[in-house]
Every structure is written in structure tokens, then in C-alpha cells.
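Novice: Below is a structure I'd like to ask you about.
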Amino acid sequence: MAARLRDYWDLTKPKVVALIVFTALVGMFLAIPGIPSVVQIQSGALGFLGIWLAAAAAAAINQLLDAKIDAQMARTSWRPLVVGKVRPVQVLVFAGVLITLSMTILTLGVNLITAVLTFTSLIGYAVIYTVYLKRMTSQNIVIGGLAGAMPPMLGWAAVTGLSTAADWINASLLVAIIFVWTPPHFWALAIFRRADYAKASIPMLPVTHGVQHTSRQILLYTVILSVVTLLPVATGMSGVFYLGAALVLDAVFLWYAWRLLDPPDELFAMKTFGYSIVYLMALFAFLMFDHWLRLADFYWN
């Protein structure tokens, strides 16, 4: 029984989903300008659960649709569906249950806009990216990155309903950060795993355009990212605490991207990939801490 539960747990890509729901949680905290009301706490808790269920469902559908590809790649050849621990119909039913629960919770317990945006993001990743973009273009990560960048807006929507223009603008800034972060994050991994992607006929950028070109694109997007991460300060959403942290995190990421250029180094690409995860977690954590510090200063004074 425990082994079977573990198989279903692995279908949800728990580490990936943890980062997704963390950014959604930060979106919730930043959306509340003061002490949250009982209604906001309830909406936030249900929103968190609904977003987690949807992300888990998307991960399961991704594994269902990518089973043949996963079987050809060393990184994914262990997955439960690939090795026969679960059957395709079981994955389909599992994902269907998660989606049903997610949409029910978000529609009835949170608000309609959160449910609609969450479902749209799920389809964007699990179907449009997985079935079409991933297999068709080397810009798959860039075009499909919007679906994966949406969680902060989903969290923001859960507690505010995105009822004002300011809500949309501020939530969009958080989405923009993840959207621009996604290419250097995934391309660093793709450099390290390019033989796997080539074997599976997936047109990732290092496969179609080479490692040197991909490294230059990683640096370009990292430069853009270092600018985008300053926008929350420029709009007044965040303050000097976040600014200082962002500048340090950006400087380190830029160093990784620059170091990756000459000579192209597969092992260093994996280190860059690892740092990109730490980077995003830390950046959003500092966004949240900065928000709390500014609230505390407001109430103390």
C-alpha cells in the first residue's frame, strides 16, 4: 500500500509542484496589504489546496502524455508509468480526480477567476506545451513558459479576485519574473541532458542550435531577468530589503551565465540549473519577507 501511494505521489512531481505552490503562496501574501481577514485566510487556504491539486494533475497528465519520451531519457526512465508500476488508465483517472477536486474547491470555495485561470494554466502546460510545443519548436520553453509562470497570479487572484487594475499589474510583475527565469533555468538543464533530448527527438535549443548558442541565450535572458526583478521596487510593491537581495541574487546568476559561455561546460550547466532553483526560491522568499517588514514598520509607526 505504501509503495502504491509512493507511485501516485511521484506522478505529481512533488519537488516541482512545491516550487509552484510556494510562488502562489507568496502571491497571496503580497496581495494582502495588511492583516488578513478571516475570509482572506479561508480563501487563501482553499486556493492553496486547489492550486496544488491542479499542479499535481498537470504533472500526472504530462507523464501520461510523455511516457514514450520518458522511457528514452535517463533522467525520467524511472517514472512509475514508464516502469509499469501504474497503468495509463490509472494515471488518467488519478489526474481526473485531482482536476475535479481542484475545480470544485476553487469555484465553490474561492472564486471563479481563480478557477478559470488555474484551469487555463493546466491546459497550457499539460496539453499545449506537452503535446505540441515541446515536440515542435526549439522555443518550446519560451512560448510555453507562460503557463508555468502563472502561479503567483493564481495566488493573488485567490485572495483578491483580481478586482482592481493594481491587482492585475502587480500579479503580472510576479508572472513576468518567472516567465523570464524559465528559459535560462531549463536551457541549463537541456545543455547537460542534450544527448537524452536528441535521443528522444525533442528539439530543445542545445540540440537544434548547439551549446554555444544556448549559452549566449541563457546570458541574454539572465540579463533581462536582472532588470525584470527590479520592477517590483520601481512600482512600489517592494522596498530596499528586497532590492538588496535581488541585486545579490542577480549578480550571482549573471556570473553563472557568464561562466557558462567559455568554454561551454556540461557539468557547470548543471550547477547553473541548480542555482536557478535556489535563486527563484530565495527571490520570492525575499519578496515575502520585504512585504512583512514593511507591514511591521507601518503598524509600529
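Placement of Cβ uses the backbone N, Cα and C atoms for every residue, glycine included.
Reproduced below are the annotations present in Swiss-Prot:
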TRANSMEM  16-36  transmembrane segment
TRANSMEM  41-61  transmembrane segment
TRANSMEM  93-113  transmembrane segment
TRANSMEM  114-134  transmembrane segment
TRANSMEM  141-161  transmembrane segment
TRANSMEM  172-192  transmembrane segment
TRANSMEM  217-237  transmembrane segment
TRANSMEM  238-258  transmembrane segment
TRANSMEM  273-293  transmembrane segment
Novice: Give residue numbers and ranges for long-range contacts of the transmembrane segment (141-161): same chain, 6 or more residues beyond its ends, CB-CB under 8 A.
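Specialist: For the transmembrane segment (141-161), the list is 20-21, 23-28, 30-32, 36, 40, 43-44, 46-48, 50-51, 55, 106, 110-111, 113-114, 117-118, 120-125, 128-129, 133-134, 167, 170-172, 174-179, 182-183, 186-187, 204-205, 284.
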Novice: Flag the pair the transmembrane segment (273-293) / the transmembrane segment (114-134) as in contact if three or more Cβ pairs fall under 8 Å (sequence separation 6 or more).
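Specialist: Not in contact, no.
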Novice: Most CB pairs under 8 Å with the transmembrane segment (16-36): which of 114-134, 172-192, 217-237, 238-258?
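Specialist: So the stretch in question is 172-192.
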Novice: Which stretch from 41-61, 172-192, 217-237, 238-258 shares the most C-beta pairs under 8 Å with the transmembrane segment (114-134)?
Specialist: 41-61
Novice: Under 8 Å between C-beta atoms and at least six residues away from its ends: which parts of the chain pack against the transmembrane segment (172-192)?
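Specialist: Non-local partners: 23, 26-27, 30, 141-142, 145-146, 148-153, 156, 204-207, 211, 214-215, 217-218, 221-222, 224-225, 228-229, 231-232, 235, 237, 253, 257, 260, 264, 266-267, 269-270, 272-273, 276-277, 279-280, 283-284, 287.
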Novice: Under 8 Å between C-beta atoms and at least six residues away from its ends: which parts of the chain pack against the transmembrane segment (217-237)?
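Specialist: Residues 30, 169-170, 173-174, 176-177, 180-181, 183-184, 187-188, 205, 243, 246, 249-251, 253-254, 256-258, 260-261, 272, 283, 287 contact the transmembrane segment (217-237) from elsewhere in the chain.
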Novice: What same-chain residues lie close to the transmembrane segment (238-258): Cβ under 8 Å, and 6 or more beyond its ends?
Specialist: 184, 215, 218-219, 222-223, 225-226, 229-230, 232, 268, 271-272, 275-276, 279, 282-283, 286-287, 289-291, 293-294
Novice: What else in the chain is close to the transmembrane segment (41-61), if you only count residues 6 or more beyond its ends and a Cβ gap under 8 Å?
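Specialist: Sequence-distant neighbours of the transmembrane segment (41-61): 11-13, 16-17, 20-21, 24-25, 28, 91, 94-96, 98-99, 101-103, 105-106, 109-111, 114-115, 118-119, 121-122, 125-127, 130, 151, 154-155, 157-159.
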